[in-house]
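**Q** The topological domain 'Extracellular' annotation in Swiss-Prot covers 26-281. The N-linked glycosylation site annotation in Swiss-Prot covers ASN36, ASN44, ASN89, ASN109, ASN151, ASN197. The compositional bias 'Basic and acidic residues' annotation in Swiss-Prot covers 225-244. Residues or ranges marked as transmembrane segment by Swiss-Prot on the basis of sequence analysis: 282-302.
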Amino acid sequence: MASRCKIHLTVAYLLILCILASAQSKQMTTETVVLNVTALSEINQTKYNVQINLNIGLLDNDIFINGAPLKPSGVTRMTCPALLLDGYNVSSGNSVDGLVSCELRLMVNQSYVQSDAAEQLLFLVLSQEIIQLADEKVQQPEISEVEIMWNQSSEQMTQVTSIYPSARSKLSIIPRENDVLVTDASVQSAVEDQVRNTTSHYLLKNSETTQEEIAAPGKLPETPLRMDPETLYESREEEERRSDSLLLEPPLSGSMSSYSVACQWVEKLRDKLRRFLSDSVPLFFLVMWVVVVGVAGSAVVIKILDLIFPSCEHRGFFHLNPETLMPDDEKVSLIDNMEGDMTEKSILLIEK
């Protein structure tokens with residue numbers, strides 16, 4: 001009995017180790033892309049030399065830019081820091097050590113190619129365009145395009161950067177009204193890390209009274225402790241100001257809705273079906289082509305053999321006599337049999 005329990009514990013321990021190993025193996029592969037681009041101001045045609053650092057991550061064929069997910073074949077607009085290389089400050093004047101915020105339009109095209117060693121490689125094409133530096137609208141005369149080749153077996157990535165006029169870019173043709181806006185990922189993570197309250201905001205100096213609250217004796221949890229009205233606020237004006245700000249404050253972000261979860265599930269299902277059909281449909285047509293060619297080829301070969309080596313006899317065919325409705329061969333055999341019987345009878349009569 002004890003040995004059986006030890007065996008069960010060992011099997012359970014091995015299963016846990018396998019699960020942990022598989023969970024740790026699924027790590028995001030990242031690659032840093034440094035882009036040096038030139039932007040022109042739409043107001044006074046000031047030229048800015050800008051350097052942008054983008055962290056591209058790959059996890060389960062999903063693409064992430066600076067921690068934000070990107071949809072293939074779609075334009076995503078996001079904000080990220082940029083470095084001014086020429087020392088000029090933008091019109092807003094709020095740059096710190098040459099760092100300013102810039103608004104980018106990004107488009108990623110994803111496809112699969114096969115290397116010379118018969119390995120399947122993931123091929124990514126990233127197009128980039130700056131439309132705003134700080135508070136100033138800018139234009140980018142030359143579009144940067146980064147080609148990334150990712151080897152899924154060795155987890156190695158190679159990148160090649162190309163620059164060409166914006167008129168030849170597909171990114172500039174797509175209207176900006178269809179862009180998908182992505183907020184800063186760091187802000188989203190900071191908001192999600194906050195403790196979500198289950199009660200409303202109370203008019204206290206520390207309005208978030210439900211965070212890490214310890215219930216007082218005789219009080220229920222998540223209930224504001226009783227305080228004297230004189231100690232709540234330092235002045236009447238402060239009370240009114242805090243009440244107005246709390247009423248206008250937006251609620252904290254909650255968890256994802258069921259609709260967004262369903263949309264993500266349908267999107268993943270669509271990608272899996274697309275990959276399945278792209279792999280199975282060519283194989284199906286190849287099999288059908290082999291079947292059609294085989295049937296047609298066998299028919300042609302049989303016809304040629306019939307022409308070269310014709311058969312002398314056609315077995316299985318009877319030629320009927322229209323008068324007797326009997327085959328000619330059968331008629332001849334019957335006549336022969338009748339003549340034989342008549343000769344035998346005549347011989348017997350003579351002998352008698």
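Backbone N, Cα and C define each Cβ position, glycine as well.
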**Q** Are there any residues at least 6 positions away along the chain from ASN36 (N-linked glycosylation site) with a Cβ closer than 8 Å to its Cβ? List them or say none.
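**A** Residues satisfying the criterion: ASN49, VAL50, GLN51, LEU85.
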**Q** Sequence gap of 6 or more, C-beta under 8 Å: which same-chain residues meet both conditions with respect to ASN151 (N-linked glycosylation site)?
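**A** ASN151 (N-linked glycosylation site) has long-range Cβ partners SER115, GLU119, LEU121, MET157.
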**Q** Here are the glycosylation sites: ASN44, ASN109. Which has the lowest count of other Cβ atoms within 10 Å?
**A** ASN44
**Q** Determine, to the nearest whole angstrom, how far the Cα atom of ASN109 (N-linked glycosylation site) is from the Cα atom of ASN44 (N-linked glycosylation site).
**A** 34
